[in-house]
């Protein structure tokens, strides 16, 4: 038996030896492979770091540390040459692109949320996932990078499924920028380029069709999101999947990139399809910062369920390039079973361009572009305003001769979704709007030209309200029914109105500007003293400023009222003397 055991061991020992040698060889081979992998990973990491450094040298080399930090105004002692570069960049983009390159894309922002917003907790495991859709056309690289950087650093990673970046036919496409975005933001950004510009609405639809998350968040390409912006924005959609939400839109100044607090408001449009903002209703103001109803959204920044957006048909496919899309989608939401809420606990800064900058959305001439926008207006009016479109057409008669295209698909959608009539919208969301912008306008206190008595050949003129200041110009031949630019009315709301623009004072009553009528009195309150012929701003009786002609400059200013100052004397084309006697009835004076 011992001999058998010995023979068995003699057979097994060589086998064990071979197995040991094999294990050693395998171990050494594995070590070699791991070393090669480590070298490869190190090489890849080094190459990635090198690429980032090279591209940072292109896009971030001019950054000045702490410039514009915490959203403070970015200022410096610029040379004459630099000031010329600043002016050039503002002419080309409508904002200080030169300065933007010198502000870090990762700059900090002050937390402007209401204190109660900071205490709110959200069920993160239940909140829906989000696809952020950003479209752009020839956007300044530093501005776009700041938008993306703020998203990456201030958005919970577990909620952000993707950022879909749609280049809408930029003529200044930059492959290095695309590479930098791909490397810097890794898998966060999905980049899609459309070779020929299709416009805001269609580019957004392209992005929405690529999206995979439960909720779509549409943002402009020149924004900065703030701390805690996303959770409150999407929480109402968790409660009701037919809710669309909008954040408070803070302002980023075009000239120094200062981040300024925006106010809660309710969006609307007037009877010339200008977007306007109305104050919160009393009960909404008391409930702040709770979400409140928003009749018409601004359109640039909003969140909506992906399936609900699809069910609504997205944007009307007949709308071209830009214009009226926020009216169309807002009306469709409210009238077809949804709602829009503004969420004060969510704040996003928006870079607003210089008011004098004329944005071009196409390569077409200016008149062709205006026709496209007018066509959009008419399509929205024909589908959604019902009989109230006549009020719009009375103020915008040129719309009636604009070809509107085929409306069958939109009418079918309206019927299929059992959408309510526009009257429901007015009755339920617009009671204060109708007081400010009635279907039938009440009698005016005075109207026609506003003629300078000291320079009787000159009248107040608003030829180009986008420039922000009125001027003096030769009077129209008809003083009662002059040209639209010289037709002013002292309205039932004590405004000095021309069309949908009002005269207002700024800088403690010194400067006179033209701005969209806001219906809140204040700096747009005016009265007329028929005895002294003075046009007086404000409701204060003890410290009054009057409109004053500056004929040598073809301008107007405001200064302390002086009955002996002939430059402060004016004459309306028509004066309703009997109605003017009751001007101060029911007006609170200070």
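In case you wondered, yes, glycine gets a Cβ from its N, Cα and C as well.
Per Swiss-Prot, these features apply:
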TOPO_DOM  32-590  topological domain 'Lumenal'
CARBOHYD  77  N-linked glycosylation site
DISULFID  117-345  disulfide bond
REGION    127-236  region 'Catalytic subdomain A'
BINDING   220, 222, 350  Mn(2+) binding site
CARBOHYD  241  N-linked glycosylation site
DISULFID  336-419  disulfide bond
DISULFID  459-475  disulfide bond
DISULFID  502-517  disulfide bond
DISULFID  546-561  disulfide bond
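Sequence features, as recorded in Swiss-Prot, placed on the structure.
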residue	record	Cβ neighbours (10 Å)
77	N-linked glycosylation site	5
220	Mn(2+) binding site	19
222	Mn(2+) binding site	25
241	N-linked glycosylation site	16
336	disulfide bond	20
345	disulfide bond	22
459	disulfide bond	27
502	disulfide bond	25
517	disulfide bond	23
561	disulfide bond	19
In three-state DSSP terms, the structure that residue 459 (disulfide bond) belongs to: strand
Count of other CB atoms lying within 10 Å of the CB belonging to residue 475 (disulfide bond): 22
Residue 222 (Mn(2+) binding site) versus recorded positions 117, 241, 475, 502 - nearest by Cα: 117
Per-residue Cβ crowding (10 Å cut-off), top of disulfide-bonded residues 117, 419, 546: 546
Remaining residues near the recorded Mn(2+) site, that is with C-beta within 8 Å of the centroid of the site residues 220, 222, 350: 147, 219, 221, 223, 252, 300, 301, 351, 352
Residue 419 (disulfide bond) versus recorded positions 77, 220, 241, 475 - nearest by Cα: 241
Whole-number Å value for how far residue 241 (N-linked glycosylation site) lies from residue 336 (disulfide bond) (Cα to Cα): 13
DSSP-derived structure type at residue 419 (disulfide bond), helix or strand or else coil: coil
Whole-number Å value for how far residue 459 (disulfide bond) lies from residue 241 (N-linked glycosylation site) (Cα to Cα): 55
